[in-house]
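Take a look at the structure below.
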Amino acid sequence: MRLIPLRNTAEVGKWAARHIVNRINAFKPTAERPFILGLPTGGTPMEAYKYLIAMHKAGEVSFKHVVTFNMDEYVGLPKEHPESYYTFMHTNFFDHVDIPAENINLLNGNAADIDAECRRYEEKIKSYGKIHLFMGGVGVDGHIAFNEPASSLASRTRIKTLTQETRIANSRFFGGDANLVPKYALTVGVGTLLDAEEVMILVTGHGKAQALQAAVEGSINHMWTISCLQLHAKAIMVCDEPSTMELKVKTVKYFRELEAENVKDL
């Protein structure tokens, strides 16, 4: 596992965006051989999306031959709802870059047959072989996507019941009322994430410090689903200073020295 210790949220977003752009450009995608990118929603990746848009407008990257799969979507929320992840992605990213509409994949939380929708999504991911890079965030309780504590580490795309803690955390997008946050969501599974060639998790804020500590220094434990990334061959944690507060000093020092050349010019 790599840990990229940075100073603040802006640096986390910039580093993550540069890494994505470098991966896409090195891959040299074509229509027949697209780059497959997994994407999250929420507050954490906002800076990364801003930098990706800026780099696209500067001519540094094209998303014309990039296929995206989002991590999750609320169940029962109309896709036109201002807080649906469909709306979030189009407002904050897709509408500002040159990605073709047919290359965008989002879960349908209003499907008549939810189980069939989850199978369809999983099968479509597999039809491309694998996701080359999955960017994600982490919840205060260590969840990735909507794989809440005690999720199976072999799980696939499915419906999940959201914990009250997650609904309270997400209530800031619903006028502060947790009762307006849907109780269920569709999410890619832990196993789906582990199948990706590379997983990059963005961790910002002191509230995520315990989750980062569990992921880096703790044991693999389904109560901290983020810890599953210890099993991944290419996992990266990109974190700001407040999120490292629960890590041992020597752990942060080790990774800071190890990644010194990779965090220049931020």
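The backbone N, Cα and C atoms fix where each Cβ goes, glycine too.
The active site, proton acceptor annotation in Swiss-Prot covers D72 (among others), and the record cites sequence analysis as its basis. According to its DSSP assignment, D72 (active site, proton acceptor) is in a strand. In the structure as shown, the Cβ atom of D72 (active site, proton acceptor) sits within 10 Å of 23 other Cβ atoms.
Residues annotated as active site, for ring-opening step in Swiss-Prot, with sequence analysis given as evidence: D141 (among others). Every protein chain considered, the tally of other Cβ atoms within 10 Å of the Cβ of D141 (active site, for ring-opening step) stands at 19.
Counting Cβ atoms from all protein chains shown, H143 (active site, proton acceptor) has 25 others lying within 10 Å of its own Cβ. DSSP classifies H143 (active site, proton acceptor) as coil under the three-state reduction. Summarising the annotation, Swiss-Prot assigns active site, proton acceptor to H143 (among others) and lists sequence analysis as the type of evidence.
Among the features that Swiss-Prot reports, active site, for ring-opening step is placed at E148 (among others), with the record citing sequence analysis. Within its own chain, E148 (active site, for ring-opening step) has D141, K160, T161, L162, T163, T166, T225 as residues 6 or more apart in sequence whose C-beta sits under 8 angstroms from its own.
Summarising the annotation, Swiss-Prot assigns site 'Part of the allosteric site' to S151 (among others) and lists sequence analysis as the type of evidence. Around the Cβ of S151 (site 'Part of the allosteric site'), the same chain contributes H143, K160, G189, V190, H222, T225, each under 8 angstroms and 6 or more positions distant in sequence. In this structure, S151 (site 'Part of the allosteric site') belongs to neither helix nor strand by DSSP; it is coil.
Feature annotation from Swiss-Prot assigns site 'Part of the allosteric site' to R158 (among others); the stated evidence is sequence analysis. Summarising the environment of R158 (site 'Part of the allosteric site'), the number of other Cβ atoms within 10 Å of its Cβ, over all protein chains shown, is 21.
Residues annotated as site 'Part of the allosteric site' in Swiss-Prot, with sequence analysis given as evidence: K160 (among others). Of all the Cβ atoms in the protein chains shown, 21 others lie within 10 Å of the Cβ of K160 (site 'Part of the allosteric site').
According to Swiss-Prot, the feature site 'Part of the allosteric site' maps to T161 (among others). For T161 (site 'Part of the allosteric site'), other Cβ atoms within 10 Å of its Cβ number 11. T161 (site 'Part of the allosteric site') falls within a strand segment according to DSSP.
Positions annotated as site 'Part of the allosteric site' by Swiss-Prot, on the basis of sequence analysis: Y254 (among others). For Y254 (site 'Part of the allosteric site'), the number of other Cβ atoms no farther than 10 Å from its own Cβ, over all displayed protein chains, is 14.
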- Message: Distance check, please: Cα of D72 (active site, proton acceptor) against Cα of R158 (site 'Part of the allosteric site'), rounded to an integer number of angstrom.
- Response: 10
- Integer Cα-Cα distance in angstrom, R158 (site 'Part of the allosteric site') to Y254 (site 'Part of the allosteric site'): 38
